[in-house]
Amino acid sequence: MTSPATNKPAAYDFLVKLLLIGDSGVGKSCLLLRFSDGSFTPSFIATIGIDFKIRTIELEGKRIKLQIWDTAGQERFRTITTAYYRGAMGILLVYDVTDEKSFGSIRNWIRNIEQHASDSVNKMLIGNKCDMTEKKVVDSSRGKSLADEYGIKFLETSAKNSVNVEEAFIGLAKDIKKRMIDTPNDPDHTICITPNNKKNTCC
């Protein structure tokens with residue numbers, strides 16, 4: 001019988017907290033499941049409260065554990081999202097390209113982020129359900145224009161067909177890693193990107 005190893009190698013180098021923000025029904029949970037589990041469900045199930053998934057990726061020789069949080073976008077959950085924003089390093093702002101209202105809500109979500117999240121948090125705008133071309137009402141150029149207005153990146157995705165899902169999450173993680181290197185004294189790093197071999201509390 002072998003005894004448990006006392007000095008096991010670290011499973012990851014850094015832990016990064018990402019958030020999915022947007023109106024209910026835009027496909028936040030579907031994007032999360034596609035990225036974390038490689039699965040897709042066509043049934044709409046409103047997220048109750050808050051849930052998260054984990055996926056560890058490798059970037060430039062470092063293992064980064066992504067803790068990706070998902071919550072419903074309805075107004076009644078806003079009290080939860082105040083705590084939900086705390087410690088976030090990156091946020092994916094999601095709208096549905098077949099739903100004009102969800103696109104119009106993005107400005108409100110950005111104001112919410114500005115109120116509750118860190119000033120340095122990385123953001124990316126996501127137009128989901130790009131596979132539904134016949135029902136599309138929000139043109140790609142409008143999404144790009146809005147993203148440019150706020151100085152953030154933009155991608156259209158399809159959780160159903162796995163279009164740009166990897167690119168969205170990993171692209172945001174790369175931006176966070178770059179910011180971490182460029183601003184090593186950012187106090188947020190000690191909260192949300194914590195080397196696994198230290199005993200710091202994280203998020």
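Just so you know, glycine gets a Cβ as well, placed from its N, Cα and C.
Here's what Swiss-Prot has on this protein:
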type: BINDING; residues: 22-29, 70-74, 128-131; note: GTP binding site
type: LIPID; residues: CYS202; note: S-geranylgeranyl cysteine
type: LIPID; residues: CYS203; note: S-geranylgeranyl cysteine
Count of other CB atoms lying within 10 Å of the CB belonging to LYS28 (GTP binding site): 27
Other CB atoms within 10 A, centred on GLY25 (GTP binding site): 17
Other CB atoms, at most 10 A from the CB of GLY22 (GTP binding site): 26
